[in-house]
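So that you can see what the record holds, here are the features copied from Swiss-Prot:
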- 1-25: topological domain 'Extracellular' (TOPO_DOM)
- Asn5: N-linked glycosylation site (CARBOHYD)
- Asn19: N-linked glycosylation site (CARBOHYD)
- 26-49: transmembrane segment (TRANSMEM)
- 50-57: topological domain 'Cytoplasmic' (TOPO_DOM)
- 58-79: transmembrane segment (TRANSMEM)
- 80-100: topological domain 'Extracellular' (TOPO_DOM)
- Cys97-Cys189: disulfide bond (DISULFID)
- 101-120: transmembrane segment (TRANSMEM)
- 121-139: topological domain 'Cytoplasmic' (TOPO_DOM)
- 140-158: transmembrane segment (TRANSMEM)
- 159-195: topological domain 'Extracellular' (TOPO_DOM)
- 196-219: transmembrane segment (TRANSMEM)
- 220-236: topological domain 'Cytoplasmic' (TOPO_DOM)
- 237-259: transmembrane segment (TRANSMEM)
- 260-272: topological domain 'Extracellular' (TOPO_DOM)
- 273-292: transmembrane segment (TRANSMEM)
- 293-316: topological domain 'Cytoplasmic' (TOPO_DOM)
Amino acid sequence: MELWNFTLGSGFILVGILNDSGSPELLCATITILYLLALISNGLLLLAITMEARLHMPMYLLLGQLSLMDLLFTSVVTPKALADFLRRENTISFGGCALQMFLALTMGGAEDLLLAFMAYDRYVAICHPLTYMTLMSSRACWLMVATSWILASLSALIYTVYTMHYPFCRAQEIRHLLCEIPHLLKVACADTSRYELMVYVMGVTFLIPSLAAILASYTQILLTVLHMPSNEGRKKALVTCSSHLTVVGMFYGAATFMYVLPSSFHSTRQDNIISVFYTIVTPALNPLIYSLRNKEVMRALRRVLGKYMLPAHSTL
C-alpha cells in the first residue's frame, strides 16, 4: 500500500454524514439552522454575562466559558462541513486536519474539566453557602478556567503530534465529519494498536474522574436539597442543577461513546451521528437549557437586548 506523499497539495478526504445521508439537502439545511442557533444563543449569552454586572459571579463566569467553548467547538467543524458539501469538495490538508484535531480536542477536554468545576461551584453554593465567596473567589474561579484551558491544550497538543507522526495511506478516505483520532488511525499505514490502547486508557482517565466528581457533587447537593425547609429554595436549586445535569448527560454520553466504548461497538454511521450531536446539536442546545430555565439570565438578556440591540421604544 502506497504511503502518504507529504506535499503541500496533499490532503485527506472527509466523508461526513452529509455525503452519506439519504436527504443531504434537508440535513444541510437543518445543520445550518442549528449552527446559526448555536452562534446566536451562545453569542447572546456571552454578551449578557459580559455586559450585565449582576451576572459577574463565579457561576455565570463559568457558564460564559462554557458558551465560549461551545461556540469555538462548533465553529471548528460546522462551517467547513457545510462549505465542503456546497462546493462538492471534501478535501482537507494535512496541516488543516492537524489543526482541526488540536482545536476539537482542546475544546472537548476543556469542557470536560469545566463541567466538573461547575458542579463544584454548585456544590459549594448549595451545601456551604456561608463560605461560598471564600471558596469560589474571583481568583479561584479564574484559576479553574485557566486550568481547564491549559491542561486541555497540552493534552490536545500531545495527542495531535503523536497521531500525525504516523505514515498515512494514499487514496484513503476518513469517513467522519471531522479529523478525530479513532478515524484517522484507520488510514494509518502502521501498527497503531498500542496507541489505540493508550488513547482508550487516557480517554477513561480523562473522563471518569471528572464524571465521578460531578456525580459525587450532585449526590451531596441532592441530599442537602431534600432537607431544605423552603420549597422555593428547593425548587430553585433543583432547576439550576437539573440544567447542569442535562448538559453533563449530553456531553459525557457522546464522549463515552466515541472514546471509551471499544471499537467493536462502533459503526461509521453511528459515529457520524454522534459527531453531529456533540459538535452541532449540543452547542446549540446548551445555552437554551441554561438560559430558558434561569430567571436571572433571562432578565439579563432582556435588559441587554433592550439597551444595546432594540429600539428605544422597545417594550422589553
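Heads up, the Cβ atoms here are built off N, Cα and C, so glycines get one too.
Taken residue by residue, the topological domain 'Cytoplasmic' (50-57) breaks down under DSSP into 5 helix, 0 strand, 3 coil. Counting only same-chain residues 6+ beyond the ends of the transmembrane segment (140-158), those with a CB under 8 A from a CB of the stretch are 58, 61-62, 65, 101-103, 105-114, 117, 121, 202, 206.
Against the transmembrane segment (196-219), the recorded stretches 26-49, 101-120, 237-259, 273-292 differ in Cβ pairs under 8 Å, and the greatest number is found for 101-120. Considering only the disulfide-bonded residues Cys97, Cys189, the Cβ with the fewest other Cβ atoms within 10 Å is that of Cys189.
Same-chain residues lying 6 or more positions outside the transmembrane segment (273-292) and placing a CB less than 8 Å from one of its CB atoms are 16-17, 31, 34-35, 37-38, 41-42, 44-45, 63, 66-67, 70-71, 73-74, 76-78, 104, 108, 176-178, 180, 243, 246-247, 250-251, 254-255, 257-258, 298, 301. With a threshold of 8 Å between CB atoms, the same-chain residues lying at least 6 positions outside the topological domain 'Cytoplasmic' (220-236) that come near it are 122-123, 126-127. Here the topological domain 'Extracellular' (80-100) has a mean pLDDT of 88 out of 100. Look at Cys189 (disulfide bond): DSSP puts it in coil.
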